[in-house]
């Protein structure tokens, strides 16, 4: 008798065949079998495993003709499917006599069965000793088919591979066994007694059909062990491993033993219904038939089948050992599998396990609504995906919340009254897609999910312009073209460079801060693609602004900063000849390079601006810098729709927490479409590592996305999974295309993660343990992308390894070279003060005729222009002043700017209410009373009298109600165009502190930190006039505290002419340093604060001013014994008081330039008063504010022989700039004057 109890079951033939090969030639057998086969003995194994059974009665000596089979002993009634129950007798009836086989006919071919074929005979004969019965159940397969399509479509776009029907059915079988453990038992005789053995684990046997080299087929059954402990993904992995090793001949003895229940799927070859043989040692074998429509519908068309709601069926059979399993159990077991395959919970678990980012297809009854009704619902569904599809997109590479975005009611077909039965029905979708008028719901969903729910989530329906919506819709819904192999290799090369660079720095410079890009490496191929697309359009430059994270990587792999220079900065090996000022850390520095296309012939300039650690502070600076470059190129007017005008592209990188949290982001976005500020669209890339320093998103923003603020300007938003570099590249190119088509901002939100802490010394797991449990075990994007390319056959493993080794080799070579460079010891930083000196003899006076021409311009309104009746007198007065003198402050300012325009300078003037002026003093732009047509007089100065251009421009803009972004923009403009005259005016000087970060980080220290020069002018209305603490002070003390190394010029001129010369000197001296001017308010209409024409045509800026009586020789300096030093509009109050009191013993000296303090001029002026004994500094500001906190220290050092005892006259020290009461203000002001002249 066959050895039916062999531990290898029906695989015993294979083991014996291997043993024979091993015995003849051990090397012909896989080494994993050697230990088992070295002492294997088929005979002893058979004897040892032969079960102790009661021998059957002897067969007759001669075969009897057609003997009837023995009847079973009496027992319980038939159960389950009607199969008789096993007889309770332990002694089976005698086997019937076998009839002899008829002899072969003449011509028949005889073949002795050996090896596998003989083993099959043996196994099948042995199986006859197992009394079996079979249950059969037809199961709807439509849900199985549809969900498998969904799963495999998703896998195809991710890691590759497929889920088979057998994977799903096998897993369902294992889950059903948990509910029916008896199906996992098997029968065994022990010492002549029947036993039911319940194994500790479910070991699922897979019947695998193998084809040998000779073309013959053989069947092996290999087991997946302990599969009841596996989740679906683990089960699939184990399944694929068994099948792969079977195909490769790598199965081991362990794989063949211990199978407790088997699954066979003859349906793959079209078998609809099978009753497989059950081998000893198992309780059941489950057969899977082919999926077919019911026979009566197999001739129907697809359309008719869909219309009727007919689905395919799959037949499951359970052939079981009837001695230990009853028909009812088997039937319930199949029913459970049936129910499971239709259950929401079963599919939810599988979709979660495979990280499918949306809900499975649900089993629901067909909805009998009319096609007309459903057509409308299809349109609703399409609109829902366009609006909400991003909520179901698979954009989080960490998948920290696997259920958060898997569903939205609007995206559920059931919400729209549709079911799986509608998937294959055709509906009218005319106009919805660029394609046929009618489409199956399945195809509609495929387009919608491919477009909106894969690795890119798109938000664009908030855009108000239909043309832009339509353009985006057509682009994203079009079928994506797969990158070529060459393009894929190029993307991989950028990932190699990004990761290897970080790994290299981490290895070589352990513990040094660098704010690595690890976890977000896809931003490198993304930026590369965007710049490449800009080059494809033939644009002039891409200017990048970004925070410190990833900055070194961008410098190296995007801008092209030499590795040697970066490594030298890590070494601290700075070249003294390149030192400038105090410097800054390496991850704040900028650079410039040239980008050369890999797959094209164009190149483009690329630059990265310097930035501080103040997140997002660089945003408006970048925009201003780009606008300046665009204006310099003069490709067209930037305030029009001229495409060529925007040939310089700003690319701005952000962090997710900063983009949502920093108010300057909203301020900067608000500039996007404003005249005077628009740059034709910015490419925003958010490196969304889903965490602030340690703060999780739920604590850092109230919105769903960090990008929601960008909806305010109608910018399209693309959320993209950073683990899919191809998607990142596609989005980057699309973003540039949109920018070029519509000259608008585009937002790319690349979700990724931060491999390390905020910096390399930080441990993020202390505050974000769950996230970093995932991060610590996550494979990097380079590895996962490499595996995907190898898996798809696009590249070989060797090609991938060679490319990485080549890049690592380059880094190692440069590193060794840097280590050999001459090392320079650290030295104290040098001041930059001496780098720029005002040229001697600089003339700022102008010819009288130019003043007259500017005055005439204000009355040269166009024909038919209606000037407002309150403005007309102002214009007429200006012409009068230009010819007769007594020029006031506002006109002196316009004379300065107009003269610069006439001399070929670009003048840009902006601020809140700047065109008219906060105090209705400027009227630089005249508005027609009826038509709102605008007339700008100073623009007439852009041409000479003969009509030829001067080369100058006058650009004046009302800014948005913003300080931070507005000041940053103007600073950036001066960096981009150093020759421009750029002025920003605060509404009141008090409000400039809204831009304090720009002042601290850029204006006052940009030169010392980065060598970045600026000549921006800040005009800050300042003065105590009883208007309260928020309309009084431009905070002189703060600017003086920031001043050092000649970093700025700070002035508070007291005459219109001195202001005129100050502005002209600043524009013409060739020095690139900011100018801070504290301008007047009430003094704008002070009849004493005027200047004569000769003050504009004969002199220049004077940093120290005496009273005119002394300058004219009327006053006697020898009578003076008290000198009152002062600055600003209080001078006029002091002069009036002096005249009233007839105090010839008191002289008033004005310090017009507060910093740098004019030491020589001040010394010369004071020396003219030989009898002066008392020196006072008089200011309106409180004692702890204004110029005194600095001057109280600096004046005694300047002139110790005269000013060592200088005293202060001012308001008391105050926490606010002034009193809120105008009456208290008047008392305090009088007290200052009384003390000064007391």
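Yeah, the Cβs are placed from backbone N, Cα and C, and that goes for glycine too.
Binding site for acetyl-CoA per Swiss-Prot: 1065, 1100, 1103, 1153, 1160, 1161, plus 1049 from the candidate set 1032, 1049, 1079, 1126.
Per Swiss-Prot, thiamine diphosphate is bound by 613, 615, 656, 657, 658, 689; the candidate from 549, 741, 770 named for the same site is 549. Long-range C-beta contacts of residue 1049 (acetyl-CoA binding site), restricted to its own chain and to partners at least six residues apart, with a cutoff below 8 Å, comprise 1066, 1073, 1074, 1075, 1076, 1153, 1155, 1156. Rounded to a whole number, the C-alpha distance linking residue 615 (thiamine diphosphate binding site) with residue 691 (Mg(2+) binding site) is 14 angstrom. Counting Cβ atoms from all protein chains shown, residue 1031 (2-oxoglutarate binding site) has 20 others lying within 10 Å of its own Cβ.
Shown are the binding-site residues 549, 1100, 1161; the one with the most C-beta atoms within 10 angstroms of its own C-beta is 549. The distance from the Cα of residue 1065 (acetyl-CoA binding site) to the Cα of residue 689 (thiamine diphosphate binding site) comes to 49 Å. Residue 1103 (acetyl-CoA binding site) sits 47 Å from residue 657 (thiamine diphosphate binding site), taking the CA atoms of both as reference points. Across the fold, the C-alpha of residue 657 (thiamine diphosphate binding site) and the C-alpha of residue 691 (Mg(2+) binding site) stand 7 Å from each other.
Applying an 8 A CB threshold to same-chain residues 6 or more apart, the list for residue 1160 (acetyl-CoA binding site) is empty. Counting only the Cα atoms, the space from residue 658 (thiamine diphosphate binding site) to residue 691 (Mg(2+) binding site) is about 10 angstrom.
Taking the Cβ of residue 1065 (acetyl-CoA binding site) as centre and 10 Å as the limit, one finds 19 other Cβ atoms among all the protein chains shown.
Between the binding-site residues 613, 689, 1103, 1153, the minimum number of other C-beta atoms within 10 Å of a residue's C-beta occurs at 613. It is 49 Å from the Cα atom of residue 1100 (acetyl-CoA binding site) to that of residue 549 (thiamine diphosphate binding site).
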